[in-house]
Amino acid sequence: MIERIWSGSSLVYLLLLPLSWLYGLVSGLIRLSYRCGLRKSWRAPVPVVVVGNLTAGGNGKTPMVIWLVEQLQQRGYRVGVVSRGYGGKAEAYPLLLNAGTTTQQAGDEPVLIYQRTAAPVAISPKRSEAVQALLKQQPLDVVITDDGLQHYALQRDFELVVIDGVRRFGNGWWLPAGPMRERASRLNSVDALIANGGVAQPGEIAMRLQARDAVNVASGERRPAVELPHVVAMAGIGHPPRFFATLEKLGVAVEKEVAFADHQEYQHGPLAALVSSEQTLLMTEKDAVKCRAFAQPNWWYLPVDAVLPPDQAEQLLHNIEALLTK
C-alpha cells in the first residue's frame, strides 16, 4: 500500500499532506539551525564521507558503502564506518563491533558491513560519539558514515547520495505522504549522486548490483543460484521486489516470494515453516546475518556487489582521495 501511495498511483497521499508539510517544515528548520550556527555541530579530525539517501526505503546504500570501503582499503587507506545502528539495541553507546556482536545489538546493516569488509565499525545514535570511539581505538584516514545525510550534528567533507534509479523520487512529497526526507533540490549541494538501476540522468553515476554465487548460510558452501532446487525467496529489505527481480534475471525458478519488513527480526520456527525439506530458502545477505545462529542446511543467501562504470568510479575515488591527501 505504501508503495502505491508514494508512487503517486493512489490518492490516499492527499490525506497525509498536512503531516508532510509539518515534516518538511521541521526538517528544513533543523538544517537551517545548523547552517546558521544556532545548533552546534562537531568536526572530526579526519575526513568524513556520508553515504546517504534523500528518500526512505531501500535504495542500495549498504552495497555502496561496502564498495567504497573496499575500494579505499585496496588503495591502502585506513577506513572506519559509523552508523546509527537502526534495528539494534545495545546496552551502551557507542558500541564498537567485534566478531561476537549480534544484529540485536548493532542492527543488521552494521553487522553486514563489518563482516564483509573487516573495517572497524561503531554505532551510536550520536554519530560524533561513534567517530570518537573509532579514533580512540585506532588511527584512521577516513570515516564513512552509513546513512546520516540528515544528521547535521556531524560535519562532513563529502556527501554521496544513492537513489533508486527506477522509482526515483516517487510522488515527490515529504514523509509520510511521499518518500522524501528532504526536497529534491538538496541534491544540488551534494558531491556525488549514484543512481542504482534504471537509467542514470546527466550528472549521476550509474550503479548496478551484481550477484555472486549463492552461499549456504550454515556451511558456507557456494553454488550458482540457478542450480538451487525448489526455491522459496524471502527478503526483509527496504524494497523486496528488487531482490525478486534479481533472481528472475538470474533464471532462478522461484516457487514462492515472501516479503518481510526492513530490519525484520527473525526466529527459527517461522522461517523453517516457509520451506519443506525438499525446498530451498533463498534470502538476501542482509537477512542472512540475522539467521546464522539457527540456520538450516537448506537455507542460502545471495551476496551482491555494487558495480560502477570504471571511469566514473575512478573519478569518484579521485575526488575522495583528494580530501585524504590534504
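Each residue, glycine too, has its Cβ placed from N, Cα and C.
In Swiss-Prot this protein carries:
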BINDING   THR55, ALA56, GLY57, GLY58, ASN59, GLY60, LYS61, THR62  ATP binding site
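Shown here: features listed in Swiss-Prot, placed on the structure.
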residue: THR55; record: ATP binding site; Cβ within 10 Å: 24
residue: ALA56; record: ATP binding site; Cβ within 10 Å: 17
residue: GLY57; record: ATP binding site; Cβ within 10 Å: 17
residue: GLY58; record: ATP binding site; Cβ within 10 Å: 20
residue: ASN59; record: ATP binding site; Cβ within 10 Å: 27
residue: GLY60; record: ATP binding site; Cβ within 10 Å: 25
residue: LYS61; record: ATP binding site; Cβ within 10 Å: 23
residue: THR62; record: ATP binding site; Cβ within 10 Å: 26
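Take the mean position of the Cβ atoms of THR55, ALA56, GLY57, GLY58, ASN59, GLY60, LYS61, THR62, the recorded ATP site; other residues of that chain with a Cβ within 8 Å of it are ASN53, VAL162, ASP164, GLY238, HIS239. DSSP assigns THR55 (ATP binding site) to a strand in the three-state reduction.
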